[in-house]
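Annotated in TrEMBL:
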DOMAIN    36-71  domain 'EF-hand'
DOMAIN    85-121  domain 'EF-hand'
DOMAIN    132-167  domain 'EF-hand'
DOMAIN    178-213  domain 'EF-hand'
DOMAIN    225-260  domain 'EF-hand'
């Protein structure tokens, strides 16, 4: 191919990319989606998550679905060829299939189930059994924050991803260069404040917990808290059945409480300050443990706070 032909081909790809971003990832003959590399997947995510909030939702989701469907056509039709009626039907089917947590938007883990990717990179998104609670999350955090900096730096994240691949018995399929690429891509995806490391709230998106039990309506004053409710919460965090919530159990409980206030942006320093406040509030700021009685006091206080007063 001469230089003029190459330039024309490049221009054609640029025009096509601008017209329909997903079209470049389909085979020109079969129209099947090609297998995406880690970097290509990142490009797709960044293109459609235009506000960078970690979700494809609203008009972003509409745009993605229109382009995803229209890109499958042999002829280069406009995404607008997908009518509003077709879009609503498509969205209903799509969300039923891929919106696992039924929040009406697509997160990066859900998108990873839709797009064909390098098998090993996809494994990093596939936690078939989400963590049972934030207690397990805090244990993992302690294990990989080896320098106790309060952040997961690039080398620590690489160790975490290496161990995930080992567990999946795929580590021998991944070179060191590839592992570095995966680490860099994961940082690009989850490092919301772009400081080159993961804080608590960012790592929590990479390694999600099945449910923040404290988000349930029963703790928002809608219904009266029962002894059974208190016992459920206590047993959820008292993983070693010692009769008190302590160490990673306590930090997991406080992380869940903190999420009710700080939502999507909190770090280890926020957690430490919050722990000091809570422990002082229950009158026990020295022993670093919470009893059933103290947990009851915290939950009853939480139940009295209306959603508008949470801040």
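Positions of Cβ are set from backbone N, Cα and C atoms, glycine also.
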Result, the domain 'EF-hand' (225-260) in contact with the domain 'EF-hand' (132-167) (3+ CB pairs under 8 Å):
yes
In the domain 'EF-hand' (132-167), how many residues does DSSP assign to helix, to strand and to coil?
25 helix, 2 strand, 9 coil
Run through the domain 'EF-hand' (225-260) and tell me, per DSSP, how many residues are helix, strand and coil.
24 helix, 2 strand, 10 coil
